[in-house]
């Protein structure tokens, strides 16, 4: 199996690559982790990961600048039905629109807008930086065997915006940051984490392993 | 369920090796940064910070190798600072495997550099590191001033006003180091930490002066920081990161104990 991690000039991709390699190795899954900026490698991959840090509009621009990458994603994911995982801004790009700085169109896989977080408690800082637990709203194969809730494992977040999904069923998990904040979305063969699985130690490695085994 | 306070061990790195200065002088060579990073990762550190303290002179590229080797082995968030002066420096550190980059003297010299960096890479990965000393006299209202060059050079810039300005320019987090306290083991400058933490909307990391675990508790509870940074208490094995986190949890602070 070949897992394409899309390299479109967005931040720290080494950790993501290393985390996927480690998860595959520890679970004895035969997987080639292919960090690539070539659309044809993405179009033909067995699984696709879209990382992303920075601003929504910049990431969208980066994706569009990698000639044919958006089309490759549509081919592999929308037509091919292969498993997709978006991470942080990569997850936010699954939305219809991003409202950070300017209005930017997303991939429109999860209807909804990416909006500024407005925690109910004014003492809470923006960005949310650090470790928080998750509230699971429905079962999902990527959370198989992962303890969530108050006594559950922690995920590492760094974000100022979150995806406000129109369809509550698309929201698999939320994080409490002065109110429920979208932490994980999924629909069909597409999933996205607002937190960083590649930085989230036990929870992260378990989730990545589940992704490598996922048969949506 | 709530966001947990973070404990961040900091490794001062010089020529690719770990050192810890007492108020930034008398450096003692104390190990390989990658080995230390692995040990802190295993011990449950919430984040790790590398400060390259000789980045301004020779052997600048050693830090990229240290960061890259650390990212190979550790799956914990990594902040790297020291000698960050250009957009190209930030890009190189992020590509090597840093998650956040801290900007110090370049922010003092040119605040617009922070704006440019935040625009390019997002506020969330730009930490502004503020070194200050208390300059008010006994009986006067508290006042702190920014110092550069390892605390030797006064700038005349008010630390609180500077902190607010950095956030306006796009800093996603502030790392506040009290140069009076650094290496003294008498605890953070709580008044400084709280004054700034209460004024800015972004997270504040308290730094400089930790000598015992109560100081970590005070940084969060009294200083209103969201993270506490310490070096020598962990580095010389006085306390483990695990002990620190359990102690903080026992004192009512929400911690990640996975």
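Cβ coordinates come from backbone N, Cα and C, glycine included.
Taken verbatim from TrEMBL:
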| type | residues | note |
| --- | --- | --- |
| ACT_SITE | A:88 | active site, nucleophile |
| ACT_SITE | A:196 | active site |
| ACT_SITE | A:198 | active site |
| DOMAIN | A:14-210 | domain 'Glutamine amidotransferase' |
Point to revise | Packing count at residue A:196 (active site) (other Cβ atoms within 10 Å of its Cβ) | key: 24
Point to revise | Assigned element (helix, strand, coil) containing residue A:198 (active site), judged by DSSP | key: helix
Point to revise | Model confidence over the domain 'Glutamine amidotransferase' (A:14-210) (mean pLDDT, whole number) | key: 95
